[in-house]
Amino acid sequence: MNEVYVIAGGEWLRNNLNAIAAFMGTWTWDSIEKIALTLSVLAVAVMWVQRHNVMDLLGWVAVFVLISLLVNVRTSVQIIDNSDLVKVHRVDNVPVGLAMPLSLTTRIGHAMVASYEMIFTQPDSVTYSKTGMLFGANLIVKSTDFLSRNPEIINLFQDYVQNCVLGDIYLNHKYTLEDLMASADPYTLIFSRPSPLRGVYDNNNNFITCKDASVTLKDRLNLDTKTGGKTWHYYVQQIFGGRPDPDLLFRQLVSDSYSYFYGSSQSASQIMRQNVTMNALKEGITSNAARNGDTASLVSLATTSSMEKQRLAHVSIGHVTMRNLPMVQTILTGIAIGIFPLLILAAVFNKLTLSVLKGYVFALMWLQTWPLLYAILNSAMTFYAKQNGAPVVLSELSQIQLKYSNLASTAGYLSAMIPPLSWMMVKGLGAGFSSVYSHFASSSISPTASAAGSVVDGNYSYGNMQTENVNGFSWSTNSTTSFGQMMYQTGSGATATQTRDGNMVMDASGAMSRLPVGINATRQIAAAQQEMAREASNRAESALHGFSSSIASAWNTLSQFGSNRGSSDSVTGGADSTMSAQDSMMASRMRSAVESYAKAHNISNEQATRELASRSTNASLGLYGDAYAKGHLGISVLGNGGGVGLQAGAKASIDGSDLDSHEASSGSRASHDARHDIDARATQDFKEASDYFTSRKVSESGSHTDNNADSRVDQLSAALNSAKQSYDQYTTNMTRSHEYAEMASRTESMSGQMSEDLSQQFAQYVMKNAPQDVEAILTNTSSPEIAERRRAMAWSFVQEQVQPGVDNTWRESRRDIGKGMESVPSGGGSQDIIADHQGHQAIIEQRTQDSNIRNDVKHQVDNMVTEYRGNIGDTQNSIRGEENIVKGQYSELQNHHKTEALTQNNKYNEEKLAQERIPGADSPKELLEKAKSYQHKE
């Protein structure tokens, strides 16, 4: 178990060690450590490349082993807090690299402090390791300021001192003021022989004699300054509020402190009662001097108080330093514990290991020298205070406070030197003492030089003080010179002053009434410059319901200019199938040729069609080409301009047809034909009709056109629009908004203002109209009825004397409005607009006729369509007549074909049977039977 000794903050240091122990056991620390080791390996590799020194590698290995031991080996630590020895602070799994230096340095520091205080034995109240820096001396200073915290004792004690104690001194001469000031037990002195005649008033305003009051005060003081009393409890909680046994500590340490410094054997209760009595006497004497107006006593007391405040203000710096530096030592120790992981990461690099570890150990040693220096300083100061002690009496009370103020200020000032002095002790003792001496010398020379300079310059400042709002010995050396002015008061109460240079200065404040109501007339001219930055957030909800109808009249004139240009690419594919009125005639011609050829050769129509088609061209190929060029030159009629256009194109098509037929048949036919004169005619008719009738076309074409055109168009348009619109609107609007705005603005303005105060005129108006109530109306501000009457008269005054002037100014300004503005010309009437429109329309009609623009194209097209439709109808009727003839011939040929087909079928069957008949038998089956019978016979 490793012990760590600290001055204070043991629980906080335990939390620091727990945090470090927990952090260095996590994966995060492992990752950080591996990264640091990797970087150190890279550093060693770089050094090896530069120097090829084996000692660099061995040094890195040694550092790696050392760091592993410091981090991976864990131990337990017990923190011993000197400010709270009851609690036990134990921390496990602390790295040995942190636990060993911390434990070693703190144990050495604690042992040195304990050894020093054991050799120079002092009570616990003045021992640094037990109660802190100058605790006993501070306890004595606080005890001299003990005041009763019981309100009943405070009021009664002050009256008792003023009426009873001072009366015994100055009237009855029972004891002198010097006896009271030098008495070591003023409590017994002031209550020894109280007057039975003089008295005081208690809290119930009952008169009690000094004798009776002394009994009451003694009983209350004894109870108030013992354990459980109000004053006892207040100061115990103020000094030892956080301790579990504050009453016991207060009783023991106060007695020890007074015993050490003054050799007193009184108990803490007696000491408190004595000091409360002294401070009550001091307050009572001061209050009596203030009541009697004793200026000399006030100045004396003020001087003493001023010196005490000056000393206490000086010592406050030392007190702050004495209280804060031990806590700073604890906090720095905690910081040294907290940065241990960072130091380990830095120590991984073998070039930094020794310097980092050395600096860490030196820092811990530096912090542990603080308590030793504190103990030495505390011992020296308490020894000095004991040797230069003064008795605690009323006359020495201020001197005691002064002495301990000096003691505390010196100790605090020296304690501020402990951190640099302790570091110099570690580094070099002689230089440290030299630095401290130089600081002390400069601090003493500076105020001395300042005081000497004030004396040489003659700048003195003494006795600038205030005591209980009483000013004394006021002396002013200011010089005021005033001459050459003449001032007189006018009949209205104002003042007029004529200065030395002849100017007149008027002051009308004495002639003005200050009334509960103010009436002003103001004319202002202002020029403002404003800069504003605003940031706002707005949220709104609205609902709107409305109805509207409107009537309006408008006349429009339009002028327009346009310009266009462009280019285009196109690809076209199509398939055409056409049939005209001539197709039906050619079809009839082909059918007639087929039938004639079939009859001539005594063959079927199908065979005739094939033979006629085979006599024509069986395959055909056609190629078509077309190319054209077109140009255009145009000049506009109504304006200036022209255009040139060029278009080129090419088209190619391929038409093809293929006819192929296959036929298989078996039959026997006997025919004889001697007619061949119609074959050529039938073949020619079939060929011509076939060529005319069959026409199919598939075409694909592509074209690209680029055009550039410049054109100018002048357009004249006349339009007449007449509209009437009436509009009525009714709107219901509901808006709900939430806004948050932040605005920063800067405004710079300059204004000129003329203001006239009409309060006095209103006062005269009230005197004239209500002379019997003028005072109440002009001065009574508490009555609502009077206020209402005053408001009515003020409004009447404004209407009678102020409003007419405002209205006259408004009328004059209104007449001047619009004088510098030009009149707005009125437009022409509707007849002028219609006449203008008719004139423009006549110009357009004339230019249209000059351009030979026809307007009967639709009628001409309709006539042509009607004519063409009639011709097509006649052709259709002719085709239908021929179609009926063809259908008749077709029916006849069909019947003949059926007859011939039946005859041919019969002949086919007979011929087939004849071919299948076998000699010697009528059928194969019969022939087989005969063969079997012959076989059996054999």
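Counting starts with 1 at the first residue shown.
Glycine is treated like the rest: Cβ placed from N, Cα and C.
Values in this document were obtained by computation on a predicted structure and should not be read as measured data.
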Identical membrane-side domain name, ASP185 and ASN871, from Swiss-Prot: yes
The annotated region 'Disordered' range in Swiss-Prot, which must be one of 459-482, 795-818, 843-866, 915-938: 915-938
Cβ-Cβ under 8 Å with the transmembrane segment (330-350): same-chain residues at least 6 beyond its ends: 6-9, 12-13, 16-17, 19-20, 23-24, 29, 32-33, 36-37, 39-40, 43-44, 56, 59-60, 62-64, 67, 70-71, 95, 97-98, 102, 356-357, 360, 363-364, 367
Tally of residues which DSSP labels helix, strand or coil - the topological domain 'Cytoplasmic' (1-53): 39 helix, 5 strand, 9 coil
